[in-house]
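To keep things clear, I will list the structure first and then write my remarks on it.
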Amino acid sequence: MNIHEYQAKALLKGYGAPVAEGVAILKVEEAAAAAKSLPGPLYVVKSQIHAGGRGKGKFKELSPEAKGGVRLAKSIEEVVAHAKEMLGNTLVTAQTGDAGKQVNRLYIEDGADIARELYCSILVDRSVGRVAFVVSTEGGMDIEAVAHDTPEKIQTIAIDPEAGVTAADVAAISKALQLDGAAAEDAKSLFPALYKAFNEKDMALLEVNPLIVMKDGHLRVLDAKMSFDGNALFRHDDVKTLRDETEEDAKEIEASKWDLAYVALDGNIGCMVNGAGLAMATMDIIKLYGKEPANFCDVGGGAGKEKVAAAFKIITADPKVEGILVNIFGGIMKCDVIAEGVIAAVKEVGLKVPLVVRLEGTNVELGKKILNESGLAITAADDLDDAAKKIVAAING
């Protein structure tokens, strides 16, 4: 689960991290009062969407010359003018895809005198099985380019889970970021605080980009991104209240209600599979034959007829889907249950695109019999390769 920047900063402020004063608004009419409540005279007006690259993004409804999703303002009047242009319009960034995301809220923040921009994130480094700091002196909007072009400028410092962030860890991170003076002193409290927040709130990612050194020498969290482990949300009612479902794919929200592992993708072949490994193999072979999967959908090992039907309806609700491939290896999951669920869903929502079903495992013959006797336009496949060829051929006509 992701949250907005202003929410992430409020959470970090509770852990003692240095953040600027700011106010989130939902309406243009709130912009002037929000700006007046801040010290000024420099303000930053930030689009709040769950995507990076906002500063370099462009609004669909505005001219190409218009400014992006993060703007400086030197007066309250300029803050209001920016709010009028940004709220309600669609921001397209490198991470949103061509569709973009509608900006429904802004964060108006006090400006900062920036001396240096740094990068700092915390994540689980699976290569060593520990939480790690990933840092670079090259922070700001182009961190992706740094990672691609000059990866040697990014350093990783793994943390011993028993010891936590030690003085030696702080020194190593500070050295990697070339901190000295007041910034190095601030680091002694900031990095342990970030680590504590990451662990206590069961985050999957905590990214501060940029972490700035101000002209007075002190550190400040200028932007913050947080992603939480969805499997741990039951422990964090305070975090769950921060969820903004308008920023999420409606199909993924519906899937979560049925405990389905569903991720929307950009392709045109819908996939329904049991087991994450088989799901990834199915997506791979679709790509091998020249098409792209429209989703990752794992119905799990113990799904019943209703859950299978729900998964099928979610897949068919995607207007990009031009064909559907159901690939089931029945172990705990029985092939006849899959067949009954697919048929129930098809009868309810109709079938306007080609459907290929490959079944193998427990009750496979019964499952095939149910499909064959359904009278529906369902194409059977003998194996995964055959299934992929058939669904691609059906789409290509």
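Backbone N, Cα and C define each Cβ position, glycine as well.
As annotated by Swiss-Prot, ATP binding site applies to K46, G53, R54, G55, E109, A112, E117, with the evidence given as sequence analysis. Around E109 (ATP binding site), a 10 Å sphere centred on its CB holds 26 further CB atoms from the protein chains shown.
DSSP classifies D223 (Mg(2+) binding site) as coil under the three-state reduction. Residues annotated as Mg(2+) binding site in Swiss-Prot: N209, D223.
In the three-state DSSP assignment, the secondary structure recorded for I332 (substrate binding site) is coil. Residue density at I332 (substrate binding site): 11 other Cβ atoms are found within 10 A of its Cβ, drawing on all protein chains shown. Summarising the annotation, Swiss-Prot assigns substrate binding site to N274, G331, I332, M333 and lists sequence analysis as the type of evidence.
Taken from Swiss-Prot, the feature domain 'ATP-grasp' applies to 9-254, supported by sequence analysis.
For the binding-site residues shown (N209, N274), fewest C-beta neighbours within 10 angstroms: N209. The two recorded residues, E117 (ATP binding site) and G331 (substrate binding site), have Cα atoms 53 Å apart. In this entry, substrate is bound by N274, G331, I332, M333, whose most widely separated C-alpha atoms sit 10 angstrom apart.
The most densely surrounded of the binding-site residues A112, M333 is M333 (count of other Cβ atoms within 10 A of its Cβ).
In the shown protein chains, 25 other C-beta atoms lie within 10 A of the C-beta of K46 (ATP binding site).
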